[in-house]
Protein chains: 2
Amino acid sequence: MGKIADMYYMVNPWIVSEKGFEKSRSEVSESIFSLANEYMGIRGYFEEGYSGETLIGSYFNGVYENSPKENHVKYKGIVARSHFMVNAVDWLYTRIWCDNTPLDLANAEIDNFERHLDLRTGILIRSFHWKPNKETKVKLIFKRMLNMEEVTQGYQTISIEALEGEANLTILMGVDFNMLHKGEGQNFWQEQVKSANHDSATMIAETITTKQKIYAGFSIVASKSLDTRIVERDKFIGLKFNVKLKESEVFSVERKATMIVNKTGINEENLNQTGSQALKSQVSFNIVFERNRKYWENVWSKEDIQIEGDTRNQQGIRYCIFQLHQTYHGQDPNHNIGAKGLTGEAYGGLAFWDTETCCLPFYLLTNLAAAKNLLEFRYYTLSQAKERAKQLDCEGACYPIATLNGHEACDLWQHASLQFQPSTGVAYGIWHYVNVSHDKEFLYSHGIEVLIEISRFLVSRGAWSANGEFGFFGVMGPDEFQMMVNHNAYTNYMAKRTLEYTIEVLEEMKAIDRTNFHSALEKCGLLEKEYQSWQVCAEKMVVLKDENGLIEQHDGFFKLPQLDIHSIPIDEFPLYDHWSYDRIYRNNMIKQPDVLMFLFLYNQSFGLAEKQVNYEFYEPKTIHESSLSPSIHSILASELGKDQEAYQFFEFATRMDLDNFNRNTREGLHTTSIASAWMNIVYGFGGVRTDGKELMLSPTIPEKWESYTFKITYQERLIQVTVDRKAVKISLLRGDTIKVQIYHEVKEITNIPLVIDTRK
Amino acid sequence: MGKIADMYYMVNPWIVSEKGFEKSRSEVSESIFSLANEYMGIRGYFEEGYSGETLIGSYFNGVYENSPKENHVKYKGIVARSHFMVNAVDWLYTRIWCDNTPLDLANAEIDNFERHLDLRTGILIRSFHWKPNKETKVKLIFKRMLNMEEVTQGYQTISIEALEGEANLTILMGVDFNMLHKGEGQNFWQEQVKSANHDSATMIAETITTKQKIYAGFSIVASKSLDTRIVERDKFIGLKFNVKLKESEVFSVERKATMIVNKTGINEENLNQTGSQALKSQVSFNIVFERNRKYWENVWSKEDIQIEGDTRNQQGIRYCIFQLHQTYHGQDPNHNIGAKGLTGEAYGGLAFWDTETCCLPFYLLTNLAAAKNLLEFRYYTLSQAKERAKQLDCEGACYPIATLNGHEACDLWQHASLQFQPSTGVAYGIWHYVNVSHDKEFLYSHGIEVLIEISRFLVSRGAWSANGEFGFFGVMGPDEFQMMVNHNAYTNYMAKRTLEYTIEVLEEMKAIDRTNFHSALEKCGLLEKEYQSWQVCAEKMVVLKDENGLIEQHDGFFKLPQLDIHSIPIDEFPLYDHWSYDRIYRNNMIKQPDVLMFLFLYNQSFGLAEKQVNYEFYEPKTIHESSLSPSIHSILASELGKDQEAYQFFEFATRMDLDNFNRNTREGLHTTSIASAWMNIVYGFGGVRTDGKELMLSPTIPEKWESYTFKITYQERLIQVTVDRKAVKISLLRGDTIKVQIYHEVKEITNIPLVIDTRK
């Protein structure tokens, strides 16, 4: 795959550090040092302003705008206007002058630059020495953090020490809604109200077309009394003050900020009052710092993965878990996981099918409530999915390829109208969640409605071929390099399973919970006859397979022109940027796993021999032009005993962003890839499987590691698995005795750790 | 197909007339009464201004602008910006006031409205009585015509008679570049210079991005001396004058106008001078009228089709021939035939593959020089086609789906990057032209270069399937309801014939014309080895066929879901407007002939049984959502002896626009359909075939007709064919004895007419 690590940050098990400042890496660092608490996220930009390359990004989960550009292609079912996460408010806005010289790291004479993100506390600290002129040298320390519990709160402290000479400082601190969405080159905010007094300033602004409001206010407390002046500009309000420092004197100022989103317009007239009260009751930086530390301690006690003998991956996987947790931990079922989390505007902040297939397993095994909320998001957006199905001349519900608000945001018809893995992914997610949680209450109340409408969609979008087989015509599977194909194996197989599961759940409800059964039928206007008729579609669903179990990715795939992917010059990647668009689609090259993907998802439904023959056929054809692809391959390689290959595919999973493997980390973190890095260790090396009746474990250990330990929460048991070169140790840290399959043998895990010698 | 005639115009063999004015039909009439002389075209709008629905359209062949909108989808090979024929100058601009009441047919009190287009002279005459106020009634007669020989010249006369009372007239006559492109809602002209004196006014304006210039000037001569005032506005200049008419007095004014296009910028500094000189030397209306009459007399002597017993089709086919001739008659090899000719802005004035497949036969058999010039257009735009091939990561030349300037104008990648019938169509056109003309000089100098580059393109775009067959993957054939298919029979077959023909010509040149052979190889940088290697591609080209000769439209077509096209409710047509875009593409419905198309083009290469089995399979699946489709079906139905069906498909061919069958004639005439109406009679009922060694004829006659006569020019012989219910009479009107096949028997046509009794 020809990816090369760009090693830059200091390697440390718990801290991501930068020593010295390199302009060319500044935007990458902005992404790396992003903070978030699911409610909001902020890139690690220099809050004092920076005239170099920068993406000043501040995002709020679910706050979006409609694209100003209309789609050029206008046919029914083609999305006319996209939507995207909008860049919101710079609530850290600061400007500093020393003897009239503005601080700007693009030009300033500085040294001793350091930046540290501590994964145990979530605090970001930056410090450096600045020589604004010949006589003066000051030391600056910036700290920032987001309150992980009171999620509307952000904090900033600035400390300035006059190291040499006196320093006549002027400081401006404000909230700024003049944020550009870089992709659109446009600001999307309209100022509503603003006010300020000597130690606080607040503003409410509103998005142009979606009319979502944000209250942003802050108050400051300084180490000496300040004579502040109010500074007002369009979409900006701030406080300006002068500070005179004698040599070796230290000044510090703390900003408490409150940002409250009103997305729906309900009670928006009270927003200013609510905001001001919240701002007033905000406790100090130090108190919140201590709470955050405890918060993260608790997180790590359940989610940590320890790797001995490989500090790079140790740091990498902790960084992944940290960022994934920052992005989403199930705070609000109206949230989802954007492809770049809350760290950049690439992919529009939109959530894709990655949520159910790549991210869900992490939550299923570390935070079941969060997993449930991800599915509730789909339940709450069912009506949008039903609307989408109608646009496609279909029945039921079609879940969007990309969305923030439940509506389809992807305006490329070849994706939005042809790819149904979001829909089957949601059904799979429900099945997977229920399989792990046994949460029949969710299933019978919310889940079943979603399953019924997805099944309806699938039956109406599918069709009977001339020779009496059922399947999907004119689709694109997960492998986005095969467009408008018939009988894509992934689509057909996942649809088959979806239909079967929906019928199974309905029959189960009919037998044991008639109240919910009838309520579901009534809500969906579903007759028993209708859903029973889906059985024949499931039965006659085509999955093309040869005598060795080799599945044909779609009808005709085996006859396609063969392309040796190693013959493609490295400078032609990514192919979307270098190849004529249509050229991508007419050979047997694969972008990302398609057949292998459902062999992974429904792992227990396929034998090892079948997995092997398919892996060996499809792996050499795959170019992994999706950051999710290598992990799936790694997991299957592990299962097939191809340990070397498994490690090669894993190699850049945990450090995708820390080492900027794809050279685009500056646009934001690969948040959903981060999820697959976790999966790569737990499902891959750990051999965890959650698609069977019992939890399964078949651990292996990469040659380079001494040991590794991961924790999972499964059916209310906190289980710790330690794998070293000699043995696997499984400990029950919390909860009752449970049966699990270890290396395909059923064993009981009690509070006495189970140790299996693996040297034989 | 559910098309219903909207009968409105008077039926007359030579004249298209309207009696009485209906506002709701005004835009349709603007199209119907379009005039053109290939150099320019003008819709039949009311030159005196009209506040009702109108499309004031004035077009110049090859004068275009780039689309102001950029394509939303940006990948390599996808056209970033389209181009289109620009609405140019209203050189008929007139305003008339009578006692300060402006003449506006949307509000005026009028009667005796008549409009006549005489197909024998090309003059358009409109007259009516107007009551501007209670006391006054005037009669107005407007005439207009374009000079068919001095093509930069247009003429207008206005005559006004005071029928009742006195008339105090004010008249403004000008040239106006303030023309809106309706689709874009924008004007694309910038004024350069303008000037006027007492009896003339001129202006030069330039398009915004393409910098094409038009000189537009006029002079007026009136029946009484005028005191004119110059009126200047932005992009407008005109002369205003008053005329006082006593009761029954007649005033008339004649406008001579000259419009000169400078597309290239060469000598543009002389444009004003050239224009003024041309304007000065313009002869009078009456002289040009007489010349035009003779011009048309000559045209009809070679191109007329007479139908006895069916005046509607008599008028219809003459109207078709008239309009086709107006649009294109081979004046300039830089011209081509837009889908709507010069009669409207729909389809952007762009030329499609219709040129070679639907229009070329008309010119091959009536005007060989024009046919040649259509092919020269492709020769002159070879470099653009080579550039296009490069954009598609291919070699050689790929001809555009839609173009005015040789560059691809279609910004829908699914057409522009997947459809290669323009390229194989050009190759077919060359082959067809040479087959009819034996013009080896063209073939060996220009044609071969085009053939080589098209063949190169085809070989580089085609691919070898896993099982060692050659063909095209990921294409769209002429049937635009099947997208991204493999081994489309049309594409593969046409490519095979193109490769075979190119090799054949090269081998022939090598044997008999080594100078041109080497020059062609050198020009194209072609090695003998290279072109010889194409042979194996041609040999291994897949055309899927069953044991009965039924050709599979593409690999997998037979397995597609079956759609009964009669089950589609009539109000869902056109499907592009009513169906979800992707839904069109996943069943066995056909938009227009695909397999049947190449059975028609290479007619002699297929046996009758093969044509029959394919016709019977594909015809019931075809919805004819292309106006070219029915004629091809009609021609094949005739050949197969399905006379009733042949006539049904013909039924609206000649009167497509006169009876507004598609209800969109207001957007412009279906110019290329007009060509297929001619083909439908000559190739269909006349049974003419021009793809064999000899000219072939197998006439039949529709039940409703008494007789019909058509003329064709074939290898410098003017041949007249008269078919009645008893016999076929073939007369050689000019030229030497020639062998032709009549009903598949070779006969000699001499200057004694050959009569074949068909009653047996």
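Cβ from N, Cα, C; glycine included.
What TrEMBL records for B:18-259 is domain 'Glycoside hydrolase family 65 N-terminal'. As annotated by TrEMBL, domain 'Glycoside hydrolase family 65 central catalytic' applies to B:318-679. As annotated by TrEMBL, substrate binding site applies to B:TRP353, B:ASP354, B:LYS591, B:GLN592. Under the heading active site, proton donor, TrEMBL lists B:GLU480. Summarising the annotation, TrEMBL assigns domain 'Glycoside hydrolase family 65 C-terminal' to B:689-745.
On the structure: features taken from TrEMBL.
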residue: B:TRP353; record: substrate binding site; DSSP class: coil
residue: B:GLU480; record: active site, proton donor; DSSP class: coil
residue: B:LYS591; record: substrate binding site; DSSP class: coil
Residue pair B:GLU480 (active site, proton donor), B:TRP353 (substrate binding site) - Cα distance, angstrom, rounded: 13
Close in space, distant in sequence - B:GLN592 (substrate binding site), Cβ under 8 Å, 6 or more apart: B:PRO478, B:ASP479, B:GLU480, B:THR622, B:HIS624, B:GLU625, B:SER626, B:LEU628, B:SER629, B:ILE632
Recorded positions compared (B:ASP354, B:GLU480) - the one with the fewest other Cβ atoms within 10 Å: B:GLU480
Tally of DSSP helical, extended and coil residues in the domain 'Glycoside hydrolase family 65 C-terminal' (B:689-745): 0 helix, 34 strand, 23 coil
Distant-in-sequence Cβ neighbours of B:TRP353 (substrate binding site), under 8 Å, six or more positions away: B:TYR399, B:ILE401, B:GLN421, B:PRO422, B:GLY425, B:PRO478
Cβ atoms near B:LYS591 (substrate binding site) (within 10 Å, other residues, all chains): 21
Cβ-based neighbourhood (8 Å from the centroid) of the substrate site, residues B:TRP353, B:ASP354, B:LYS591, B:GLN592 excluded: B:PHE352, B:THR357, B:GLN421, B:PRO478, B:GLU480, B:MET597, B:SER626, B:LEU628, B:SER629
Cα-Cα distance maximum in Å, computed over every pair in B:TRP353, B:ASP354, B:LYS591, B:GLN592 that the record assigns to substrate: 16
The domain 'Glycoside hydrolase family 65 C-terminal' (B:689-745) [mean pLDDT, rounded to integer]: 97
